[in-house]
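In what follows, a structure is listed as C-alpha cells, so that the remarks can point back to it.
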Amino acid sequence: MSRPHLQQNVSFQDTKPPSRRAGRDDIPPRPPTKSDPSKASLTTTTTVQSVGGYNNHQLDFDDNAYVDAGSSNPQGFSDYNGVRRKKSMVRPERERIDPNHRLWHYREHAAEDQVDIQPSSTGNQPYNQYNNQRPGANLRRGKSLLARETDDVDDSSGLNIFKRGATIRRKASRATPRQAPTGAQSNRVSAGQKEDEECCCLGNFAPGPKNCWMIYCYLLTICIPGFVIAKVFGKKTPDAQRAWREKIGIVSIVLYLMGAVGFITFGFTQTVCGDTQLRLPGGSANTGSLVINGYDYDFSTWRHPVAGDTFNGTTSPLYMDQYMAGGMDASFLFQNVNQNCLGLITPASGTGIDHDGDQMGWYFPCNLHDQNGTSAANLTGITDRTNCHVSSYARSNFSAVVPTAEIYYTWDRVKDESRNLAVYKSAVIDMNLLQWLDDTQVSYPEFFNTIKNRNDSYAGKDITALIERAGLSQYARCLTDVIQIGFVDTITIGCIMSELVLYVSLVFILGAVFIKFGMAVVFGWFLSWRMGNFKGESYQERMKRAAEIENWTDDIYRPAPGYLRPNATGTARTGVKKNFLPTTSRFSRAEPMLVSSSRPSTSYGMVGETRRQGSSIYGNKLGPPAHTTPPGSPLLRNSRSSTSLPFRDDSRHSISDRSVNNNVPCPFPLGNVVPQPAPDFEPFGYPLIHSICLVTAYSESIEGLRTTLDSLATTDYPNSHKLILVICDGMVRGSGSKQYTPEIVLGMMKELVTPAEEVEAHSYVAIADGHKRHNMAKVYAGFYAYDSETVEASKQQRVPMVLVSKVGNPLEVNDAKPGNRGKRDSQIVLMSFLQKVMFDERMTTLEYEFFNAVWRCTGIPPDRYETVLCVDADTKVFPDSLTRMNACMVNDHEIMGLCGETKIANKSETWVTMIQVFEYYISHHNTKAFESVFGGVTCLPGCFSMYRIKAPKGERGFWVPILANPDICEHYAENVVDTLHKKNLLLLGEDRYLSTLMLKTFPKRKMVFCPQAVCKTIVPDTFRVLLSQRRRWINSTVHNLCELILVRDLCGTFCFSMQFVVFMDLVGTLVLPAAISFTLYIIMISIIPQSVTGMPRPYVSLVLLAFILGLPGVLIVITSRKIAYVGWMLVYLISLPVWNLILPAYSYWHMDDFTWGETRKIAGEVKEEAHGGKEGTFDSSHIVMKKWAEFERERRWRTGTASRDSQYFDVVQRANSPRSGIPSNRYSIVSTSETFNSGLGTAESNHLFRQSQSFASMSQVAPSPETNYGNVPQLALPPPRGASIGREHSPSSTESGTSNNYAYGSTEEPTASNVDPYYQPFTNEVYQDEAEQPILPSEYTTTSPEPVYQTAPARVRQPSQRGVSLVDTGPVRSAQAAPHDAVRRVSRHQRRSSSKNQLVSPISSGGHTGSLPPGAAPPQY
C-alpha cells in the first residue's frame, strides 16, 4: 500500500487503511520538515476518501515517523528523496510490484476479482456507483515484456479491450483528473505518441520504437540511404529496411566482440609485453657471439674492418688464434667511461692511461675475460690502447650493431657462493671484476675495495635498498656502467598482466569446461536413471531398454518392441491396490462419483478429509439424470483423475440415455468416451494425471503425421488420461501433397461427436497485426483412426482426439495460406484457453467450442489437465516416454518443464546427417545434463518437451498456474513484432522463448532433462535445408540468451551462477567464427617448425583445445559406454568449420530473414513471407467474448431447454435428493446441470448427491434496490427474486403431491419435521488454524451457523466470485489480505465425508467468499 500524499501530520493507527494499488508513476510523499508548524501539533488529521467499501479513516503520525528532508540522516537517504522503503533480498513480500515484475500480470488477474463491476462490453469506462470512482482505477496492466504497443484497432469496433491506440475517449479521460485512465491505457497512449513523434534532428527515420539502439543502428548505416537498401539488398518496405539496419548494428557488435577476443588472444600480449628481447641465461652464449655489458652480440658472420696489420677486413677476431674471442666477455674492449663514473674513477698520479683531466680513455685493461667469471685478473697492457676502441669511428660502428639477446641470471646463480654477484635494480654486477682496477693507474673510492672481495653484506643480494639508504647511489650507477654482466631474471609489469589475463582466462574456460563435464557425469551416473524411472526397474532392464532404443532409432518407420506397446483389449489391473478387509458394506453410501484421489483435486473447492471413500454395493450405477451433466458440473470437480466421469467401468448406462420423466435430449452425449479407472489405479507406481498431447502441424506429409500420431496413440499411458490435440496452422498443402494438412488429419479421425460437414468456423484473437488478428478455426472432436498397415489391430487403442483447424478470416480466402499465423499462435490457442478456463475469464466462441469438444470426447473438463506434451508433426515418440515424463512431473511438483532426448533416425543417409549425430547427442548429454543438475535447462526443444499447466501448492489443494499463467500467456502472445529482436524471438525461436519466459517468471522452479524419455526424428539431409534450419536456431539462440541474461534470480552468484554461464554461452556463440579461425591458426603454427615461424609453440592454447574437444569423448565412454558415438565425434570434429564458421556467419548476415526457408515448403507459394507483417486494420466486432457460463446460458435458451430468465435466478432441484418431492431453495446465478435436467421424482432417485451450496445462496452483498436493470449491458444483474421467472417446473416438482411452500419469495423455512433425516444443515466451520481461514472482508464474516435452506430475499443478491470457476458468479467486494502474509491463500471448501451425503458444486463456496485464486498475492508496498 503506498502512502497518500500528505499535507500535514498523519498517523497510521487505524487497523484497516483503504486498499489500493500503487501506480507506476506514483510519487512517494515528501516528509515534513522540521520547520513545518504542523509538526508541533499532532491533533491535525487528514481525511482519506473511502475506497472499496471501507469507512473513512483518519491518519496521523508522530514526530519520529519521518526524518527531516533537509537534514543529513545516518541512514544514507538523499535529501530530496526522504525515507523510502528499500527492496529486501530476503522478504519477497516487500518487493515493489511494478509492470516489470515477473508476476505482474498474474497479480493483475488475481486483483481483478476485487473489482466490483464486470468488464465493459460497450467500450465506455465504468464508474463506481458509490463515489464515481472506478474500482481498480489504480490497477495498472503494465507493458508487455517486449514493450508491446499497437494502434491498429478500428475505432468503430465494439470490443475496445483490444484498443491500444490513443483514442479521443482515452485522451479525454486522461485530461480529466477524476477519471484517470488505467495504467494500460496511459501506457498505450504515451507509447502511441512516442512512435509517431520525430526523434531530435533525425526526424521520423524508421518505423517502430526509436530508442538508443535504433539511433545507433541508423547512425551506423546513415551513409546508406533507403533507396540503396531497396535496390541493392531488396528491402522494399520500411519495416524490412529497419530490420536490415538493426542487422548491421548486430553484425558490428559481433565484429567488435571478435576483435576483442582476437586482441586478447594475440594483440594484448604483443602490446603490453611485446618489447621484450630474446633472453639468454648467463654463460650460455655460443662461440659465434660476444657478451658486451650484459648483451649478447651475434658476430658469427661479422668481419672486422681494416685495422693496421692485424685485420685486413676479411677476418674475424672470434676465430683468430691470437684472440679466440668466441663466447668471451668483451665488455672491457668497449668500456663506458666518463659517464656515471666521472669524478669517481680518476687518473692516478703518474698514470700511463690517456686522460684529459678527470676524463680518462679507459679504466680497466682492454682484455677479454670468461663469461662465467672464472678468469683471473689480467692487468697486462693496461696502458696499451690497441684493443680499447676509444676512437669515435670504432664507437659509431659498435653502436650500429644491434644486440641479439639479453643475458639474464636467475636468483640461484646470483646467490652462487663461488661468485661475487649482486643486483642493483635490474642489473647484475660482478664485483670480482673490480680486482682488474690498478690503483697505480686509477684512483677509485674505498667502497670498491670493500666489495671487490666477497662480502656477505652485499654478495648474492639485491643491494638496491642498502645503497639507497647509505646514499651510495652514484657508486652503484658507476658500477653498472663498468662491471655489469647481465640482468636479473625478471618480468615486466606488462608481461605480468599478459600472463595474468592468459591464466585467468584459462581458469575460467577450463573451469567451465570441467564443471560442465563433472556435472554431466554426475547427472549421467546418479540422476539420469532416477528421472522417470519405475520402481523395481533393475540395471539390466535399463540397459536392455537402452539397446532397444538404439535399434529403434535406426529407422523412422521401425516400430517399438511389441511388449512396450499395450494391447487395445488389455484390461490389466496390476497397479490396483487390493485390501484384505472389505471397504464397503450394505450401509455404505452409494457415492460412485465421490471417491477422491490421493492427490489434491484439480478443481477449486474446499479442502477436506483425504481418506478414500468406497462406493456402495447399491450405487454402482447412476441414473440417466446424472449422465446429462455438462462441463463444469459438480459431479466432475471432486477428484483429480479417477472420478471424472459419472460412471464406473461396470456401469452399462449410457450418458446419453433418457429417463422416463426426462424427455429433454442431452446436449452433450458421452456414451462413447473412454471410462475412467478406479481412483487407486496406479499401474506405474504413481497417481495418474491427465495430459494433453499437443501436435502442431503445418505442411507435413501424410507419412509424417501418421508416424507421429501412431506413436502418441500407442503409448502405454492410459487412454483415459491422455488427449491428442492437433492444431493445424492454416489451410496449407505441403510440397507435393494433394490434400490440405487439416484434411489429412481429419481423415485420421473417426466417431466425430459432430459430423464434419456440420462443424462451423469460430472466431478468435490470433497473434498477428492488422486484420489477420481476427482468425477463424474449426474444432473437430472424436477418436483417432488407425491405419492397419502401420499399427496392428491388437495395438489400436481407443484414444480421444481433437483437431483445431485454422481456416482464416473472410478477407484471406484467396491467400496462399489462409489461417496461417505461425506455430506460436497454435500454442497460444491452447495456452490462452487453459488460462481462461482456470481464471474463469471471458473466452471466444472458438474457446467455448473447444471446451465442449474436449468434454464430449473425453468426459473430462479441460481444467483437469495438468501437463501438455508438445510434439512436432515429424517426431515419433517411444511408447513409454509420456509415462516417464509424467512420472517426473508427479514425483517433483517443482518441475515446470522437461524435455526428453531426441535421436536421429537417418544417421547415415548423407554426410549432412552424419555430422549432426554427435551434435544432437552432446547437446543433450552434456549441455542439457549440466543445466538439469541445477534445474535450469535454458531450451526445451519444441519437437519433444512437456510443460506443467498448473502445479499443486501445499497440502490444502491449492494450485499455481504455470503454463496457463497470465504473465507467460501475455508475453508469449505478443502480436506487434516490430523490432529485429522481437522478430527473432517470436517468429523464429518461439520454443526457446517459451522456455526463457518460464525461467523468467518462475526462476525458482525447475526445467530439467529426462533422458529416459526418447523420441526420434528426421534431420535435414541436404546442406541447403540444414543452413536454413540452423539460421533460425542460431539467431533465436542469440536473442533468447540476451533475454535470459537479464534474469537475476537464477541459481548461483557472480561467476558461480547460471547467469554467468548464460553470459559465457552468449559471448561464445557470437564469436564462434573468430574462435574456429584462431583454433585453426594455433594448430597451424604448432605444426610448422619453430625455426620457420620464429614464435614459441602455444602449449597452453593446445592444452585448452585438447580439453575442450576431448572431454566430450571421455564423457561418452564413462557415461553411456556407446563407443559408436566416439566415431560420430570424430566426424563432428572434422566438420567443426561448418558448425563454427559457415553456419554462424551465414546466420548473422541473414538475421533479418524471418522465414522458415527450405525447412517447410508448401504448394502454391511463390515467395515465403514472415508472420509479423501488418495488413489492414483489426476489427474486433467480429469476435464475441463471454464467460463460459454466459455462452452456456445462451445455448440453453436458444435450444429451448431453459428460459432466458433462468440465467439469472434458478431454483436448483436435485434429481436424487433425499426428498425429491420437496424443492430446494438453492438459488444459483447460472443454469446448472441440475436445473437443466432435474429429473425429480424419477425411479432412480437416491441419496447419491450432497446438498450443494451456491455462491448466490450465501452471498451477503446486494445492490441497491433502485438499480436500473434495463441499463446494464450484457452482464445484466438478476431480476428481483419476487419477480416471475417464467420457468416451467419439472414434472416431479408439480406432481409430487407436496405443496410448494418454498416458492420464490417465501419466508418460511423448513422445519426439522419436514426435512429428510439424511439432510445435514450447512454450518460455517470454525477454523482452528489461522492458515485454514479463508480471507474474507469484514462485512462477509459470519460466526453463527447458517442453514442450508434459505428463504428468497426481497431483492436479488449478487453472487460472489471465488477462485477458479467455470461460471459467472458476478462481482465481489474487495478482500483485505492478512498484513503478515505476502501470498494470498484461498482455501478450497472442505469436502464433507460421505456420511453427510453432499456433493460440492463447481460454484460452491461453502459460505465463504474470497477474491483471489489460489496462490495469488495482493500487492505489497
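Cβ atoms are placed via backbone N, Cα and C, with glycine included.
Residue annotated by Swiss-Prot as N-linked glycosylation site (from the set ASN9, ASN372, ASN1035): ASN1035. Note on ASN378, ASN397, ASN567: Swiss-Prot annotates N-linked glycosylation site at ASN567; no matching annotation appears for the rest, which is not proof of its absence. Scan Swiss-Prot for N-linked glycosylation site across ASN455, ASN551 and the hit is ASN551. The record in Swiss-Prot shows differing topological domain names for LYS210 and GLN241, meaning opposite sides of the membrane. Of the candidates ASN312, ASN906, Swiss-Prot records N-linked glycosylation site for ASN906; the remaining residues carry no such annotation there, which does not rule it out for them. Here the CA atom of ASN551 (N-linked glycosylation site) lies 22 Å from the CA atom of ASN567 (N-linked glycosylation site). Using the rule of three or more Cβ pairs under 8 Å, pairs at least 6 apart in sequence, the transmembrane segment (1068-1088) is not in contact with the transmembrane segment (213-233). For the topological domain 'Extracellular' (1119-1122), the model's pLDDT averages out at 77.
Under the three-state DSSP scheme, ASN1035 (N-linked glycosylation site) falls in the helix class. The CA atom of ASN906 (N-linked glycosylation site) is located 12 Å away from the CA atom of ASN551 (N-linked glycosylation site). Of all the glycosylation sites listed (ASN551, ASN567, ASN906, ASN1035), ASN551 has the fewest other CB atoms within 10 A of its CB. Per-class residue totals from DSSP over the topological domain 'Extracellular' (234-247), listed helix then strand then coil: 10 helix, 0 strand, 4 coil. The list of residues near the topological domain 'Extracellular' (1119-1122) in space but at least 6 beyond its ends in sequence, with Cβ under 8 angstroms from a Cβ of it, reads 520-521, 524-525, 550, 925.
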